[in-house]
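Below: one structure, written as structure tokens.
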Amino acid sequence: MLVLGIESSCDETGLALYDTSRGLLAHAVHSQIAMHEEYGGVVPELASRDHIRRLIPLLERVLAEAGAGRSDIDAIAYTAGPGLAGALLVGSGFAEALAFALTVPALPVHHLEGHMLSPLLSADPPRFPFIALLVSGGHTQLMRVAGVGAYELLGESLDDAAGEAFDKTAKLLGLGYPGGPALSVLAREGTPGRCKLPRPMLHSGDLDFSFSGLKTAVLTAVRARELSPSERADLAAEFQEAVTEVLVTKALAAVRQQGLDTLVVAGGVGANQRLRQRLDAGAQKARIRVHYPELELCTDNGAMIAFCGARRLQLGQRPEGGGAFAVRPRWPLAELACP
Ligand code: ATP
Ligand code: MG
Ligand code: FE
């Protein structure tokens, strides 16, 4: 079964073709970062318009890359939420219209389920049950994953998501948008511990997080006086250290508390090399296996949506109807059901 995946929940247009017997055949992403950069964040109206512009060329590209034609597509999976309403509507409208024209099913997919299952696309996939650490631009959650659709929320950020904290802190340090990757590059030149930042909720005894205080602490340091380039690098390194320390400690605690031995990391912050280093070291000591998505599949893409849709279709799920209008800008992951 050949499944076309379509992602348009925010500022990336992603299309991919996943074949249930041959694996991922093609995927292509167009990022709108350059377009939103001058505004310092995503402008929803511009995002929607750009998705419209990109969808058809990207579809042609993945079909050519896979050596397939439109008539080879057996099903279409698209991101139905959570995300920006207008951006989601572009993807869902396109997916439902194409599915209608090709007389194939169109399946709405949860964006975070896509992120969470993306490590299953790797050569050495994790086995259920596992703990998932979802660290993206909009979410920071620890989930117990018993199978596709069987998700239990164990803890989450009470304020900013980890990626959001990276982006806002990067902005305070004068780095561009989205600042997460840039901040991690700057952090390499600095030394953590030279300036001290808090480790929020490290000893809270639960699996929740809080990152907005860290950002405020950076703001205070930046406002106090003019920082030298090396002091800025030290601050970036200490910020990254603080975030990763809390994430690693709580993720490993979740695995232990649930009596499991596997951790899956998903979402854009999962691309952070320092986080991977610390997780790998901690997990090795605790005899826990950690799985990551391929680096290029950490941030938004169509491959994770195609894969997620394919899995659900294989497990017997059929589209419920509701069509293009059934997008859900807010959609708690734990509400999903097994197919
Ligand atoms: P959500 O998936 O919650 O809807 P999103 O789709 O915007 O949010 P992703 O695409 O998963 O989020 O990830 C983007 C986020 O990942 C941004 O906040 C970005 O700064 C962060 N990010 C990407 N690479 C890195 C990195 N190397 N270090 C830290 N953060 C990173
Ligand atoms: Mg994005
Ligand atoms: Fe995402």
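Every residue gets a Cβ built from N, Cα and C, even glycine.
These numbers come from a predicted model, not from an experiment.
Binding site for substrate per TrEMBL: Leu134, Val135, Ser136, Gly137, Gly138, Asp167, Asn272, plus Gly180 from the candidate set Gly149, Gly155, Gly180.
Selection of the binding-site residues Val135, Ser136, Asp167, Asp300 by a Cβ distance under 6 Å from ligand 2 yields, in sequence order, Asp300. Same-chain residues with CB within 8 A of the center of the His111, His115, Asp300 CB atoms, the Fe cation site residues themselves not counted, are Glu7, Ser9, Thr79, Leu112, Gly114, Ser136, Gly267, Thr299, Asn301, Met304, Ile305. For Asp300 (Fe cation binding site), the same-chain residues lying six or more positions away in sequence with a CB closer than 8 A to its CB are Glu7, Ser9, Cys10, Asp11, Glu12, Gly14, Val29, His111, Gly268. Largest Cα-Cα distance over the residues recorded as binding substrate, namely Leu134, Val135, Ser136, Gly137, Gly138, Asp167, Gly180, Asn272, equals 16 Å.
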